[in-house]
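Before any comments, here is the structure.
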Amino acid sequence: MKSFSPSTLVWIAVASQLGTAQNCPILGPAYPAVANLAAPKLTAAKARFEKALESINRTSTSFAVQVYSAHDDGLIYSTYNTATERVGAATVGPDTIWRLFSISKAITVYAFLAKLGDGYWNEPITKYIAELADAPVRDPIRDVNWAEVTVGSLAGQSSGLTRDYSLRDRSTVQTQIPGFRELKDSEIVQCEALRMIMKTYPWAPSYRTPNYSTMAFQLLAYAAENITGESFPDIVVNELFKPLNLTRSYVPIPRNETNIVNYPKEAWELDLGDLSPGGGYSASASDLSALGRSILRSTLLPPILTRRWLAPTIHTGTVWHSMGRPWEIMRHRVPATPASNVTRNVDIYAKQGGGGVYTTAIALSPDHDIGISVMTAGDETQAAFNTIREAFLDIWLGAAEEAARDLAEATYAGSYAAKTAGDNSSIVVGLSPGEPALFVSELISNGTDVLAFAVNDAGRGGKGGQFGLWLYPMGLVDEREKGKKRVAFRGWPGVVGVELEEACGSWAESDRLRWGNYPGDSYVFVVEGGKASTVENPGLGRTFWRV
């Protein structure tokens, strides 16, 4: 049998990945997230964000905005504005209460997960709401096939159900609309929830296409009540509000509060009843930020459950938006550096709410461990909200990416070498200008220049430029030893400056080499006192020490 040296085998695997020779980022962060809220790039973003918000009409629109990190209980940034025209709060601040409207859907799912986990997602809803099991399916266009509607599809806007059964039905407020059919008394919408839900038309078969449904979350709450024997408002309070000390959050709208935004009064006092799990909750900006921070931290859920939750479940008709449970996932292109035309895709897990003059949102960037809470109300609320949203995407995500890049350079960049006498092995780690991720520009193993060997043996995929390895963090961190942590990265070979192709497939090209079951593309750094002291490649069987 022909034998190969470890170095040769490493680059046989590398050669197979050189067809495009591009820096094709994997899904996930390019660098470990920044924990320091005073990082210079984050500090500089505040003034830019304030400048972007100058276009908002502050006379007619009240708002509260908080940007926060998973790594600190404080805020990276906050700003508040009290409209001088019809606002309902003397002074808007961090504890002012706003109607959340459809953000309630995310809170409902969070409470369900905290109480019951996600083991029920694939179960049919008919198992937990017996009345639905008795509903006949005579006409597939007229009748919902409830046996195909799962608990998870209700949470993920993929149940195929219509929007709701009464909120937008004009028969609740007027007896006749010119040109519309006359209704029998039995057809007029009343407060018999399940009977009316069973009378609704389907939107589509479940899991075919996403559709916005508020009543889906009413059914999700009914299922939780039938499983646990507890009222759903009690589940929300006991599983979320109390453990997180959310003292300015409410399932029923508070009637005796004065620090509220209640313009118009009718919108504030709207009682959604059993539809509240889909839009009836209220909270302050500070409480909403604490809720978002707890998700990023996995405070109430096991980390594996959080990772399953922060994932798409179905796509929409645009490549830039997908749906989760019930996340409205925006895919945003973040530049590697401010002057670079090289970008990577960052998924933002958001839930927006709105009704009347209110527009609200919670948005999380797991790649950066940051989030934002946005509350707006007033005559120009949508324009204000859009300005804040775009500024968050363009300014705060870019700043978080830059801050993480600076931290990665300070922590990991440098020259490392073997300590063993006579072992000519070394590695140089740094950044490639205008490209995401750490970059290995030199790698010598036992006297062999493995980067030169690889590019000479396999070529550059027809591309010019410097050849090397991009290192991406894998979310695997060992902190068992006090004062030290081991952080795992994986390496992807390529050529600097190659334009990214939409069809790049780094996820399918990784981990191609095993040497005695040791990975050849793994790089494990030991960080002490905020600085990497060593880097190990298990496949090469070498540890390199900072020099």
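Here the Cβ of each residue, glycine as well, is placed from N, Cα and C on the backbone.
Per Swiss-Prot, the features are as follows:
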| type | residues | note |
| --- | --- | --- |
| ACT_SITE | Ser102 | active site, acyl-ester intermediate |
| ACT_SITE | Tyr212 | active site, proton acceptor |
| CARBOHYD | Asn57 | N-linked glycosylation site |
| CARBOHYD | Asn211 | N-linked glycosylation site |
| CARBOHYD | Asn226 | N-linked glycosylation site |
| CARBOHYD | Asn245 | N-linked glycosylation site |
| CARBOHYD | Asn256 | N-linked glycosylation site |
| CARBOHYD | Asn341 | N-linked glycosylation site |
| CARBOHYD | Asn424 | N-linked glycosylation site |
| CARBOHYD | Asn446 | N-linked glycosylation site |
| SIGNAL | 1-21 | signal peptide |
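Rounded to a whole number, the C-alpha distance linking Asn57 (N-linked glycosylation site) with Asn211 (N-linked glycosylation site) is 33 angstrom. Neighbour density around each Cβ, counted as other Cβ atoms within 10 Å, peaks among the recorded positions Asn57, Ser102, Asn211, Asn245, Asn256 at Ser102. You'll find the Cα of Asn226 (N-linked glycosylation site) roughly 24 Å from the Cα of the residue listed as 'active site, proton acceptor'. When Cβ atoms from all protein chains are considered, those within 10 Å of Asn226 (N-linked glycosylation site) total 13, not counting its own. If you take the CA of Asn446 (N-linked glycosylation site) and look 10 A around it, the recorded positions you hit from Tyr212, Asn245, Asn256, Asn341, Asn424 are Asn424. With every protein chain in view, the residue among the glycosylation sites Asn424, Asn446 whose Cβ has the most Cβ partners within 10 Å turns out to be Asn446. Ranking the glycosylation sites Asn211, Asn245, Asn341 by the distance of their Cα atoms from the Cα of Asn424 (N-linked glycosylation site) places Asn341 first.
Counting other C-beta atoms within 10 Å of each candidate's C-beta, the recorded positions Tyr212, Asn341 are led by Tyr212. Looking at Asn341 (N-linked glycosylation site) and Asn211 (N-linked glycosylation site), their Cα atoms lie 35 Å from each other.
DSSP classifies Asn226 (N-linked glycosylation site) as helix under the three-state reduction. The two recorded residues Asn245 (N-linked glycosylation site) and Asn256 (N-linked glycosylation site) have their Cα atoms spaced 20 Å from each other. For the pair Ser102 (active site, acyl-ester intermediate) and the residue listed as 'active site, proton acceptor', the C-alpha distance works out to 10 angstrom. Taking the Cα atom of each, Asn211 (N-linked glycosylation site) and Asn256 (N-linked glycosylation site) are about 36 angstrom apart.
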